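Since the structure comes first, as structure tokens, the remarks are kept for the end.
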């Protein structure tokens, strides 16, 4: 009654509903309904419509709600809401801050020539200039034992085994925004995200809202942080100002809240920084395109996973399949998982990598026909026998690996020796994992070549899981887009592009060797298979 691909059709349908719903939600975020009758009492008018002469003042304080003890670090007297500027100031650090304490910035927007505490129409925001992070572990040369140059305080800290205690870091950038457009809000349709940044006062029968001041926390990146120690008496601070549109402000508020929520769920500053980089370092229009690309990437990932599992579940023979390629893929995914574990990557990345490693181990079990027999607490591994067709495939696979080893092994060993001599690592284990993962990233695509060689010798590609393969191919080209957007190691970025060439060769072989309908497909089904029934004798 239902087609065989009904589950896939349902998934695709739900996916498009999700995309449409997300577009509707995003439209609701960036669009704000204006007041339809500007002269009515139901409108909230902007304070900036009167073109007041304003001033921007920034103070530092040890307490976010302290009434005294403020230190002025910058005053922008000729402040224009529509004029962008950037100032570099040196901030003196109090003794408490230098002793692993905190420091706050209080940003005031008020009338020029008047103290912010004497202006009833001033607006202000408080933000932290410091954050707590674990110090970076020192890296040493494993040959000479020489560590990287450090300050005396840092050496003392390392020797006292305090690397597991968070220390105060200085945020060297402060970004301030003010909504410049004279937008009239409808009192009955005031957005909740804007409401918390809005201060209003009564002027006759009209309600006036003060300038919408915003401190951009997303611009605080880990790369800009500086570790604070007892000798850090003065540190630089870059103060940036730019006007902001109301729609972008609302979008930024939602993204900032999302990052804050992740940190509440246990994400570290480094984890949240990767997400910040997507928004801060990317044009918003390009970011919108990225969302759709990422959505399709998720869809293709799921469909590839579904078809890949189905293929290997029904796989009975390894005819035409490179067992060495399967073994290599299992090894490489485990190495990448251990590398991510060594780099203390977030669970959001670790969990999929760990699950992927387990699936690849299961594929190796299927490919080599491994059966585990338990005799008490001792496992015994039994390997199945190969038939004649599988033996011929294995011969081609071994021949391809023989030729490949002449190129692959010297490259991997040479890269490991080079990194041992010229690169510093935390430990020998870290060097081993980094050497292995660099070999996987740099030369891992070479292990795709034995399958190409087997296809060439057999003059057939019917044995490949083409549905799962095509979904993965689409994702490979999508990864090329992400390579320009997301912060990642150079080796991983190059790995995204080098896979494209191999996939193009696979597609060429698909065109060169048409699929024989009489051969079984990826699920063990033949299109021209005659119905099985009882034989009749004449």
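The first residue you see is number 1, and the count goes up from there.
The backbone N, Cα and C atoms fix where each Cβ goes, and this holds for glycine too.
Bear in mind that TrEMBL entries carry predicted annotations, made automatically and left uncurated.
As annotated in TrEMBL, transmembrane segment covers the listed stretch 7-31 rather than the other ranges in 7-31, 32-56. Per TrEMBL, the listed range annotated as transmembrane segment is 428-449 (candidates: 362-383, 428-449, 450-471).
TrEMBL assigns the feature transmembrane segment to one of the listed ranges (262-277, 310-325, 326-341), namely 326-341. In terms of C-beta pairs under 8 Å, the stretch of 7-31, 326-341, 403-422 lying closest in packing to the transmembrane segment (284-305) is 7-31.
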